[in-house]
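Let me begin by presenting the structure, written as structure tokens, before commenting on it.
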Amino acid sequence: MLLLALDTATPAVTVALHDGDSVVAESGEVDARRHGELLLPAVDRVLAEAGRKLADVTDIVVGVGPGPYTGLRVGIVTAATFGAVLSVPVHGLCSLDGIAYAAGQAGLTGEFVVATDARRKEVYWARYADPRTRLTEPAVDRPAELTEKLAGLTAVGAGAVLYADAFTDVRADLPQHQSAAALASLAAEKLRTGGEFLPDQPLYLRRPDAQVPANYKVVTPK
Amino acid sequence: MARKADEPLVLGIETSCDETGVGIVRGHTLLADAVASSVDEHARFGGVVPEVASRAHLEAMVPTIQRALKEAGVSAKDLDGIAVTAGPGLAGALLVGVSAAKAYAYALGKPLYGVNHLASHICVDQLEHGALPEPTMALLVSGGHSSLLLAPDITADVRPLGSTIDDAAGEAFDKIARVLNLGFPGGPVIDRYAREGDPDAIRFPRGLTGPRDPAYDFSFSGLKTAVARWIEAKRAAGEEVPVADVSASFQEAVVDVLTRKAVRACKDEGVDHLMIGGGVASNSRLRAMAQRRCEDAGIILRIPRPKLCTDNGAMVAALGAEMVARGRAASSWDLSADSSLPVTEPHVPGHDHGHGHSHDHDHFHELSKDNLYS
Ligand SMILES: [Zn+2]
């Protein structure tokens, strides 16, 4: 087994290779505006580091968000295209699950919430019973609207750190950014135990901004 | 990589606006032209909504590639290169195609060519009428652009002579169609109504045609306002708006200026061929008037069939094939989508010339002016 995992749903552009037992190479860069430029070179680098070829890959794992649209699509279309050329399955995972899993690897136990920056003064978030078990569907909200609902819960992720006032126990010491290594480890575990994946479709959570133009502008001076 | 000098097999991907296009060519021969359009999703907004277009590109991308391969009856492993529109266009829409093209080229081990959308609109005519004359004079007219371009070498030297200073020609069609409540897109429907109307019924203004105006620039904003005002006056007077006559007279004004300036450019530059491309090149009156004026001036007119005039992947493949044939440098794996790629850059070569794909990532990289998340 050779898993190639990638995620561009958050400001992180992250790629990892997992051989079924462990992560054999990984790359993570945080640059919210250059997903399109950074992803392919990162894939190339990770493969070279592991001394493997793309053709050796047996499964593609991709973070499907939620995340700001433009960056999110870079990872998903890359994963889908690789899957089509290599004729290998493309497994989607909620990007928040990767951050939750990484928090578990860093020692976090018990119930907690993961929040990422959704821009426009909102966060994408979900609640977890433990690092492998998500309790809620991912959602997008203003942090202040979550304060009461999530009171007392430990919070991880860059969204929680950014809006620390709205959350209770913000763990800035835990990984804040998505890591494809965590995503790959979670996927390897799921493949071993028969866990479920998501389709490789983006979780946008927001409708496209589309202004219906008002009836055409009258140009005759009144 | 061995390069086939004359007839490279190239797959081209186009996602700069609302069409997801994948074309395959062998040299100047069209093998496949698969297009998935999201135009219906934009109709109720009266224009292309960027985020709606980007979402549709993502959904259509892989299926459209596979459809094109099947249509062409070729195997992906036989391709000599993958070409993709790197710009100009809608930033988020371009990024879907560029990302897919990179993944596709990388997975197949083929060179990647990021190419210019406008140069592709010109180069597509090689699929219809064979090798482009050098230089080529081209009039590009669509919802996004109205330009006169002189191309001594479509892969390396494209010079802008003039362009619109306000609205694109296609945009003017869309706006007038909206004023007339004819829906979106406006070009085809106005063309249809105009066939039953009198082009001389109303004398609408011809923008930038005065003796001191720039010879090759266009302006359609004043025309648009004049047409809207004329219609509003009719409505205010309680009279019925003669849709066919307005359509024909408006269309006549647009087409008159476009063809007059294009023929003038050919004469001034001593070029005996005129190529017309872009979505508005499907307009029947434009085709007819250009034909007559070119004949009168002894200019050979080249307009591809309508399906090759609108945005498609075949045009990108056509330019990509020319890049391969002329041994132009491939793009790097960090190729970016550039929403404002200048027309003077027919393609985006990699940093490490002569070697194709660069593995040096420590170079300075200029960010696109547009925030991709805006
Ligand atoms: Zn175009």
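Cβ atoms here come from the backbone N, Cα and C positions, even for glycine.
TrEMBL entries are annotated by machine, without manual review.
Neighbour density for B:His121 (Fe cation binding site): within 10 A of its CB lie 32 other CB atoms from the protein chains shown. The annotation Fe cation binding site is assigned in TrEMBL to B:His117, B:His121, B:Asp311.
Annotation source TrEMBL lists substrate binding site at B:Leu140, B:Val141, B:Ser142, B:Gly143, B:Gly144, B:Asp174, B:Gly187, B:Asp191, B:Asn283. B:Gly144 (substrate binding site) carries neither a helix nor a strand DSSP state and counts as coil.
What TrEMBL records for B:348-374 is compositional bias 'Basic and acidic residues'.
Positions annotated as region 'Disordered' by TrEMBL: B:337-374.
Within 10 Å of B:Leu140 (substrate binding site), counting CA to CA, the binding-site residues B:His117, B:His121, B:Asp311 contribute B:His121. For B:Gly187 (substrate binding site), the nearest neighbour among the listed binding-site residues (B:His117, B:His121, B:Asp311), judged by C-alpha distance, is B:Asp311.
Among the binding-site residues B:Leu140, B:Gly187, B:Asn283, B:Asp311, the residues whose Cβ lies under 6 Å from any atom of ligand 1 are, in sequence order, B:Asp311. Separating the Cα atoms of B:Asp311 (Fe cation binding site) and B:Ser142 (substrate binding site) is a whole-number distance of 9 Å. Calculated from their C-alpha atoms, the gap between B:Asn283 (substrate binding site) and B:His121 (Fe cation binding site) amounts to 16 Å. Between the C-alpha atoms of B:His117 (Fe cation binding site) and B:Gly144 (substrate binding site), the distance comes to 11 Å.
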